[in-house]
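Colleague: I have a structure here, written as structure tokens, and I will follow up with some questions on it.
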Amino acid sequence: MMKIIAAFLFLLVTTFVSRCLSADIESDKQALLEFASLVPHSRKLNWNSTIPICASWTGITCSKNNARVTALRLPGSGLYGPLPEKTFEKLDALRIISLRSNHLQGNIPSVILSLPFIRSLYFHENNFSGTIPPVLSHRLVNLDLSANSLSGNIPTSLQNLTQLTDLSLQNNSLSGPIPNLPPRLKYLNLSFNNLNGSVPSSVKSFPASSFQGNSLLCGAPLTPCPENTTAPSPSPTTPTEGPGTTNIGRGTAKKVLSTGAIVGIAVGGSVLLFIILAIITLCCAKKRDGGQDSTAVPKAKPGRSDNKAEEFGSGVQEAEKNKLVFFEGSSYNFDLEDLLRASAEVLGKGSYGTTYKAILEEGTTVVVKRLKEVAAGKREFEQQMEAVGRISPHVNVAPLRAYYFSKDEKLLVYDYYQGGNFSMLLHGNNEGGRAALDWETRLRICLEAARGISHIHSASGAKLLHGNIKSPNVLLTQELHVCVSDFGIAPLMSHHTLIPSRSLGYRAPEAIETRKHTQKSDVYSFGVLLLEMLTGKAAGKTTGHEEVVDLPKWVQSVVREEWTGEVFDVELIKQQHNVEEEMVQMLQIAMACVSKHPDSRPSMEEVVNMMEEIRPSGSGPGSGNRASSPEMIRSSDSPV
């Protein structure tokens, strides 16, 4: 009898649970259909009640038993308007919500941040306004609300989120002090807000870039806070015996203040007059010195139409003007005198010097790189230049055409490439926004760059290295074919050269620590270049109000916890179809390249082979080997 009752109860419970599960997934479906009807979207969603939600709906992930919807991912889907709060109350099993890079506006519904199982919220690059809801789920791991219009204080409840590892609130209008934040936090960015007060001790270990753009913040790692000084209480200088005495005291105080002001003005005027006289004296002395030393600077001639050209010839001495050394195979027919007469335009300033576009009188256009802080002597410099200049030709390597060396001036001459460089193509420049670069073009550019670097590594008995791999040094022809430039310069430079933060973003940890470059550190830099291509984020500090980005660390923090696809450039997601596997494969190659341990990184030859396997010659999207699971990426030893 007991067995029959137990069997009956088991059947009853099983039926009840199955019905509950069915109701749950059905209610999730209805909630999502409600979401689609309430939130306008320019990209069509294939959400239809007639097709299975877990298998076919765009941006939807379900639990393993298909019982509940656990992830909603609609980045760059053209969503606009406010989010419906009641809809998310019904989706209480969500662990991940990614609505980044849309046009959503209004307040962030408080129910979303307090969902019981929510772990990752990616709401950056929208138009959300209002304050950050104070009630937050204790399970939150990743919270990105950056690049919105949020205001008010940062909630103090954040300090109670013991699992939070990544917090991005930059580029908003948040104000007030920074609260204490949880100790497990590994990535923090609060830059470009209106925060004030002292940086709390719980986050002082983060770099200054995490707090930049908040002019009222102080304390480590920013400038020290001023000491708190309290003004002494005013006390009367004479006893107050009645109204008459008080009036005399006030009158005396005014008289003393007026005298002090007069003395201050007199002293200030004297100091100002002294400074003006000193400046006039220095200017006169410089003018006299310039007249005596005018022979050291090449005299401008009528054909020289731009004063910028003098910058890369200012250290050239008259006796050495014809010592421009050309390499075999160069078709140029000019000497240093012709080069110094050329009009010039600054193309950019990098780690090792300034680059100019020089147009000679006969119309020839070349690129001249003026090196700074060269530590090598003449013999060592010439030997290195000979090794660089005599490397066997390769279609993806920009050849060094000529060089010049003197005590005060070191110049390198290259071909001019009309297509610009990969950085300009990927991120745009000051004159305009970036183009929507498709996956095919990105993949081909990076593969050609890899072939060029691999050739540099294999030439001259594998003794050469690049030493300065970054997207601005990946030059492009008009047909967008790649030539890798600026290789072989690193061994000549001073170890004390100040490397800009935008270049540090490409440097391997061991290269930053020792200031010595190897072929393995080149592989790391190329891995960062691949991550830059995949994410659309510039490595290191960029112009404008962009934050300092440690790409390997950022990518690893995302794929460690959640969905690998969250790292990809929204432009790729908008444009491309059937290339997700190739993108994941490329991400795996990039993460192998940026391994913390140099010996764990592949060689550039191996990198080329792996990239060629993704897209064999003549095959289309999706035809490469099937991508491995995201867990493989998360388990790599790349920096966290």
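Cβ atoms are placed via backbone N, Cα and C, with glycine included.
Remember, predicted model here, so these are calculated numbers, not experimental data.
Take a look at what Swiss-Prot says about it:
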type	residues	note
SIGNAL	1-22	signal peptide
REPEAT	117-138	repeat 'LRR 2'
REPEAT	139-162	repeat 'LRR 3'
REPEAT	163-185	repeat 'LRR 4'
REGION	222-249	region 'Disordered'
COMPBIAS	226-247	compositional bias 'Low complexity'
REGION	289-315	region 'Disordered'
MOD_RES	Ser343	phosphoserine
BINDING	Leu347, Gly348, Lys349, Gly350, Ser351, Tyr352, Gly353, Thr354, Thr355, Lys369	ATP binding site
REGION	612-640	region 'Disordered'
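On this model, are these features tucked inside or out on the surface, and what's nearby?
Modeller: Beyond its flanks by at least six residues, the repeat 'LRR 2' (117-138) meets 70, 75, 92-110, 144-158, 160-163, 168-169, 174, 561-563, 566, 570 of its own chain at Cβ-Cβ distances under 8 Å.
With a threshold of 8 Å between CB atoms, the same-chain residues lying at least 6 positions outside the repeat 'LRR 3' (139-162) that come near it are 100, 108, 113, 116-133, 168-182, 184, 189-190, 195, 202, 557-558, 561-562.
Here the repeat 'LRR 4' (163-185) has Cβ contacts under 8 Å with residues 119, 124, 132, 138-156, 191-203, 211, 213, 217, 545, 547, 557-558, 561 of the same chain, all six or more residues outside its ends.
Using a 10 Å Cβ-Cβ cutoff, Ser343 (phosphoserine) registers 17 neighbours.
Sequence-distant neighbours of Thr355 (ATP binding site) (same chain, six or more apart, CB under 8 Å from its CB) are Val346, Leu347, Gly348, Lys349, Val367, Val368, Lys369, Arg370, listed in sequence order.
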Colleague: Just checking, which of Leu347, Lys349, Ser351 (binding-site residues) has the fewest C-beta atoms within 10 Å of its C-beta?
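Modeller: Counting other Cβ atoms within 10 Å of each of the binding-site residues Leu347, Lys349, Ser351, the minimum falls on Lys349.
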Colleague: Beyond Leu347, Gly348, Lys349, Gly350, Ser351, Tyr352, Gly353, Thr354, Thr355, Lys369, what residues of that chain have CB atoms within 8 A of the centre of the ATP site's CB atoms?
Modeller: Arg370
Colleague: Grab the pLDDT values for the repeat 'LRR 4' (163-185) and give me their mean, rounded.
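Modeller: Here the predicted model's pLDDT, averaged over the repeat 'LRR 4' (163-185), is 91.
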Colleague: For Ser351 (ATP binding site), what is the secondary structure state per DSSP, taken as helix, strand or coil?
Modeller: coil
Colleague: Please report the number of other Cβ atoms within 10 Å of the Cβ of Gly353 (ATP binding site).
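Modeller: Other Cβ atoms within 10 Å of Gly353 (ATP binding site): 23.
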Colleague: How many angstrom lie between the most widely spaced Cα atoms of the ATP binders Leu347, Gly348, Lys349, Gly350, Ser351, Tyr352, Gly353, Thr354, Thr355, Lys369?
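Modeller: Max Cα-Cα spread across the ATP binders: 14 Å.
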Colleague: Ser343 (phosphoserine) to Gly353 (ATP binding site): how many Å between their Cα atoms?
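Modeller: Cα-Cα distance, Ser343 (phosphoserine) to Gly353 (ATP binding site): 19 Å.
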Colleague: With DSSP helix as H/G/I and strand as E/B, how many residues of the repeat 'LRR 2' (117-138) fall in helix, strand and coil?
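Modeller: Each residue of the repeat 'LRR 2' (117-138) counted once, the result is 0 helix, 7 strand, 15 coil.
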